[in-house]
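Copied over from TrEMBL:
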- 2-100: domain 'SRCR' (DOMAIN)
- Cys71-Cys81: disulfide bond (DISULFID)
- 105-200: domain 'SRCR' (DOMAIN)
- Cys169-Cys179: disulfide bond (DISULFID)
Amino acid sequence: ALRLVGGRSRCEGRVELKVVGTWGTVCDDNWDLADGDVVCRQLQCGRAVRVHGSATFGRGTGPILWDEVGCEGHEKHLWDCPAALEHDCSHKEDAGVVCSEHQEWRLSGGHDGCAGRVEVFFRSTWSTVCDSTWYDLEARVLCHTLGCGEPLQHLLFNHTLPAKMVYQCDSQQPSLAHCRWTYNKSAPCHQSHAAGVVCNG
């Protein structure tokens with residue numbers, strides 16, 4: 001089995017493999033985008049946007065299972081790639097990846113990181129969020145995700161980025177990625193503004 005741990009979504013984090021019932025990590029020697037592409041595709045997370053070494057997503061526990069991973073990028077599974085089972089690594093060299101289906105958010109143009117226009121990083125680009133289905137619940141989910149408390153006020157901005165996202169939450173979720181979302185579909189965004197929010201944090 002394969003998973004990403006320590007990121008902000010299931011499509012970002014430290015690479016962990018399960019071998020004979022035990023989860024372990026991969027050493028960052030020779031870790032590159034081709035290796036990351038195989039991980040992202042296997043997890044149905046798109047393709048690799050960035051690869052990381054030096055335990056960017058925290059140090060794992062358990063065995064370091066692989067070193068010198070050498071995927072070409074077309075393999076179906078990470079374990080189809082050549083790798084060394086012997087290593088001289090420690091967990092400070094754990095490998096990680098950020099995949100294109102990972103979503104992260106920011107509030108821009110406000111006084112601080114807890115106020116401004118809602119922007120989402122997805123598929124290698126920053127996008128705005130349409131206000132057509134942006135209500136208190138969506139704003140509350142975002143403020144919580146950013147560690148910014150509760151929403152105080154809704155703001156309206158113009159769409160000036162190349163792509164648009166729509167979110168619809170039915171209940172309080174750990175992040176907007178857990179709600180229903182559509183990317184770059186014109187109908188729900190027709191005549192919309194870009195959503196903004198001021199959180200009390």
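Glycine is treated like the rest: Cβ placed from N, Cα and C.
Unlike curated records, TrEMBL annotations are generated automatically.
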Distance, Cys71 (disulfide bond) to Cys179 (disulfide bond) (CA atoms, angstrom): 34
Helix, strand and coil residues within the domain 'SRCR' (2-100) as assigned by DSSP: 16 helix, 34 strand, 49 coil
Whole-number Å value for how far Cys169 (disulfide bond) lies from Cys71 (disulfide bond) (Cα to Cα): 38
Candidate with the highest Cβ count within 10 Å, taken from the disulfide-bonded residues Cys81, Cys169, Cys179: Cys169
Cys81 (disulfide bond) and Cys169 (disulfide bond), Cα-Cα, nearest whole angstrom: 39
